[in-house]
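First up is the structure itself, then whatever we jot down about it.
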Amino acid sequence: MTMEVVLIAVVVSVACALCGVFLVLRRISLMSDAISHSVILGIVLGYFLSRTLSSFVPFVGAVIAGICSVICAELLQKTGMVKSDAAVGLVFPAMFGLGVILVSLYAGNVHLDTDAVLLGEIGLAPLDRVSFFAWSLPRSLVQMGSVLCGLLLLLALFFKELKISTFDPVLATSLGFSPTLINYGLMLAVSITCVGAFDSVGAVLVIALMITPPAAALLLTDNLLLMLVLASLLASCASISGLFLAVKIDGSIAGAMATMAGVLFALVYLFSPKHGVVRRCLVMRALKLDLDVVTLAVHLATHRYTVERSVECAEVHLTEHVSWSARRAARVVRTALRRGMVERHGALLLLTAQGVSLAQARLDVSV
């Protein structure tokens, strides 16, 4: 049963991550929030029509509700009176709140719990089983497996169109593609994924899996195909590690998965080879050291033939004349010596030919 839970978690994670990459790149990540919270209204309305949650009608209603939330948010944005993030924030609470009211008033005896919709319970997902080609499989695994296969098929067929419309809608239009149609197709795929996943992992975890792994993958690569692969791997790692963490601490599985997704993002944010905080700090430190070496070369070149050379070019006086701390001055001198920019002559620091060239090239100092 644990293996089935792991499989469900991986399938859901990969499906959410694939959709999330395009949401992150299009800067509409919160649209997943709007869709995942709006589905409860569609489920309730679908139940009113079919009088059962086991039919296909609530699923279709949830997908339609997700698309309606996207359309309403875009219509609000096009008025020019509210921005895109505010439009999303206006639409989904209203639809979610209306769904909760309808559940409490007219569907109180229905097995539809708002806590389960938000948080899910993936640990119990294998208990709901269906027969699939003579195999007894968890319904969630079959459902999300079908969604994932559909997403992979759509990516294979329309990868070029999605890529061009995401990065350059004007070029897509000139090539005969419809960015609007592609956008609504993407939103339909996101809606189906959210509806399929919320029953297993809940709306909150769907949001975390759609935003966090793709955002981390974006810090690791600029290649779209590689980004899709990395986002899927990161989402799978977050789900698996979160699942075992929840078992270890006997806590919420959805909460542990979301936490591990955040931990993985934090690690990538800190240690990404290209965009990580540590990398940027090291680059800034190196640039600052390069600038200090140039400053030292200019200072020594300026006073090379002056009567104050014995003072201005003395290493012990750098803290006074260049306003450096003793530690910083020592580090700059070590670097300049290692690079062959200066030489020690007793207590003095004198420029080498390479140091003179550096001063002339960078600041046009006449020496």
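For all residues, glycine too, the Cβ spot is worked out from N, Cα and C.
Just so it is clear, the model here is predicted, and its values are computed rather than measured.
In Swiss-Prot, the annotation transmembrane segment applies to 28-48, one of the ranges 28-48, 280-300. Contact between the transmembrane segment (28-48) and the transmembrane segment (251-271) is absent: fewer than three CB pairs lie under 8 Å, with pairs separated by 6 or more positions in sequence.
Within the same chain, the transmembrane segment (5-25) stays apart from the transmembrane segment (87-107): fewer than three Cβ pairs sit under 8 Å, each pair at least 6 residues apart.
Beyond its flanks by at least six residues, the transmembrane segment (201-221) meets 9, 12-13, 16-17, 19-21, 23-25, 29, 32-33, 36-37, 39, 116-122, 190, 193-194, 227-228, 230-232, 234-235, 238-239, 254, 257-258, 261-262, 264-265, 268-269, 272-276 of its own chain at Cβ-Cβ distances under 8 Å. Within the chain carrying the transmembrane segment (224-244), a Cβ under 8 angstroms from the stretch's Cβ atoms is held by residues 5-6, 9-10, 12-14, 16-18, 20-21, 25, 122, 155, 159, 163, 209, 212-214, 216-218, 253, 256-261, 263-264, 268, all 6 or more beyond its ends.
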